[in-house]
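Look at TrEMBL and you will find 14-164 tagged as domain 'CheW-like'. Sequence annotations record features per position, and here TrEMBL assigns domain 'Response regulatory' to 182-311. Among the features that TrEMBL reports, 4-aspartylphosphate is placed at D244.
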Amino acid sequence: MAKTDILLETGTNELEILEFYIDIPASDAGPAERCHFGVNVAKVMQVIESPNLEHPESAEHPCFMGTIPLRNHILPVLDLAVWLGLERNNQKYDIVIVTEFSQTVSGFQVSGVTEIHRVGWQQVLSPDKFMSSFKDSCIIGIVEREDRFIQLLDLESILADLDPTLGGNLSEPSAVASEAYTALVCDDSPTIRAMLEKILTSANFRHTIVQNGEEALNTLIKIKEMAQQEKRPVKDYVEIVISDIEMPRMDGFSLTKWIRKDEDFKDTPVILYSSIITKELKHKGESVGANEQVSKPDLHLLPAKAIKLIEGARP
C-alpha cells in the first residue's frame with residue numbers, strides 16, 4: 001500500500017487513517033464483536049497477509065509472534081489483540097500491518113483492514129475515561145463513522161512498553177538552562193508527556209503540559225489576556241512552544257500557523273516533533289514557521305534546542 005499525504009495542505013488540520021479491526025468470538029460474557037481501530041497512514045509501510053506465526057514459548061511477552069523478513073528488514077510481529085487484552089477469533093488468514101516510525105519497523109497482527117478515511121483533526125475526539133481502560137491508556141482518539149467508533153492507537157506507547165529503550169535516551173538532558181525558562185508542551189500520548197515532563201524538569205524548565213493543539217491554543221489565548229491585563233509581554237509567561245504534530249482537535253501545524261499569525265506570539269519559538277520527520281513533513285513545518293523539527297527518538301535533544309532558541313530570541 002502506497003503512502004499518501006498526511007495533510008491536504010499544511011495547516012488545514014486533516015489526516016488520513018487506516019481503519020482495521022479485531023474480531024472477538026462469542027463467549028459467556030457476550031456475543032461476537034468486531035472492534036475497530038485506526039492508525040495514521042503516514043506510519044504504515046504496507047499491509048501483508050500473516051504467515052501463520054505462532055507465539056514462541058521462549059518469548060518474554062505473550063504478544064510476540066516471532067520475526068519475518070520484509071524488504072531489507074527483519075521485523076518483529078506483535079499480536080495486537082493479546083497486547084490489548086482481547087481474545088481474537090482464530091481464522092485462516094490474518095493481516096499484518098507493517099509500520100515504520102521512531103526509527104523502528106514493526107508488524108502488528110490484526111483480523112483485517114477496511115479502508116482509509118480522510119478526516120479533520122477536529123473530528124478526532126479525545127477518548128472518554130472508559131476508553132482508557134485499555135492498557136496504559138493507549139487509545140489517543142476516537143473517530144465516529146456511521147455505525148461504529150474507530151479507536152486511534154498510540155503505537156509508540158505499545159512499543160515503548162515492550163522495549164523501554166525505544167523511548168530514547170532521556171536519562172540525562174542534553175543541556176540545563178542557567179535560569180528557569182518557561183515552556184508550553186503539547187502531546188496527546190501519556191507516555192510521551194511523561195517523558196517530556198521528566199527531561200524538561202531535569203533541564204530546569206518550568207512547563208505547562210496539555211493534551212492537544214486546541215488545549216494549547218486556549219492556553220495561549222488565556223496567557224494573552226493575562227499579559228494584557230498585567231501590561232506585560234507574553235514571553236514573561238511562555239518562552240517556547242514544544243508540540244507534537246499529530247494530535248486530536250488541532251494538529252501541531254495548525255497550532256504553529258496560528259502562533260505565527262498572532263501579533264503577540266508571532267516571534268515565540270516553536271519546536272515540532274513527530275515519530276518520523278520526512279522531507280515532506282519538514283517542508284510543511286517550515287512553511288508554517290516552525291523553528292526546529294525533531295523525531296521522537298531524538299527528544300532528548302529538546303532542552304539544548306529549546307535553550308538555544310530562547311536565548312537567540314532575546315535582544
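Yeah, the Cβs are placed from backbone N, Cα and C, and that goes for glycine too.
In the three-state DSSP classification, the residue listed as '4-aspartylphosphate' falls within a strand. Less than 8 angstroms from the CB of D244 (4-aspartylphosphate) sit C186, D187, D188, S189, I192, G252, L272, Y273, S274, each of them six or more residues away in the same chain. Mean predicted confidence for the domain 'Response regulatory' (182-311): the pLDDT average there is 94.
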